Amino acid sequence: MITQKGKEHLAKDKQNIYLRILSGIVLVPLFVIAILWFKPLFYILMILVGMGMLSEWYNMTYSSIPYLLIGLIIIPIPISLLTFLSMEDTNRWLIMLYFCIIWSVDSFAMIGGKTFKGAKLAPKISPKKTWSGLVTGVLSAGLVAVLASFIPNFHIENYYFSNKIYLFIISCILALIAQSSDLFISYLKRKFNIKDSGHIIPGHGGVLDRFDSIILTAPVLFFISIL
């Protein structure tokens, strides 16, 4: 029998999912347009994302100079690398694929965790994350990447991304790193007693909550892209 507190928790989770969907309806088309057809908009979005992440990082870590300084390094780097990659027209599908991977792993990990449940991934850092969610998210992200490669006019010059087998493997690796990046931010939020880094994005929290995965994945993407 579900208690009143349990019912309230389920209702809150349901509302959160609806808000995530609504946010996605706005954010996803905006980024697709920016990446594929209007490069200046992507630059603006990256600047806004970077500013938002830095602002929320400061609000979270201002009491600790070492952690504050870490943010001044690890946030500008991925923003700069993604912006640099996007300057080359031939990389537009690479950037598009990248966001498909890091966003799909987050969504499918949540769905997989709620569906299959099971052992917790890191109960002290992020109590809601499960091993089943991680596996579901990583494999789904790899599948999404392969399916995306069949879109008409899809083309990535890099061999490792154009080969379907390598694409699946690399996408799974990026998805796994994205989850590690998410856990890193979750650890910091626990350390500094913060539930969400902000509230600007409905259903997600702050900019840092939504884009935390780029911190570790963007450098990896850049490295693979120049091989």
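Placed from the backbone N, Cα and C atoms, the Cβ positions cover glycine too.
So that you can see what the record holds, here are the features copied from Swiss-Prot:
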- 31-51: transmembrane segment (TRANSMEM)
- 65-85: transmembrane segment (TRANSMEM)
- 93-113: transmembrane segment (TRANSMEM)
- 131-151: transmembrane segment (TRANSMEM)
- 165-185: transmembrane segment (TRANSMEM)
- 206-226: transmembrane segment (TRANSMEM)
**Asked** In terms of Cβ proximity under 8 Å, which residues at least six beyond the ends of the transmembrane segment (131-151) contact it?
**Response** 96-97, 100-102, 104-121, 162, 164, 167-169, 171-172, 174-176, 178-179
**Fill in**
One stretch in 31-51, 65-85, 165-185, 206-226 has more Cβ pairs under 8 Å to the transmembrane segment (93-113) than the rest, namely 165-185
**Chain residues in Cβ proximity to the transmembrane segment (206-226) (below 8 Å; excluding those fewer than six residues from its ends, i.e. six or more beyond)** = 27, 49, 52-53, 55-57, 60, 74-75, 77-79, 81-82, 84-85, 91, 94, 98, 101-102, 105-106, 158, 160-161, 170, 173-174, 177-182, 184-185, 196-200
**Prompt:** Hey, which bits of the same chain come close to the transmembrane segment (165-185), Cβ under 8 Å, at least six residues off its ends?
**Reply:** 97-98, 101-102, 104-106, 109, 121-122, 125-126, 129, 134, 137-139, 141-146, 149, 159, 197, 208-209, 212-217, 220-221, 224
**Prompt:** What parts of the chain pack near the transmembrane segment (31-51), using Cβ distances under 8 Å and only residues at least 6 beyond its ends?
**Reply:** 75-76, 79, 82-83, 86-87, 92-93, 95-96, 99, 207, 211
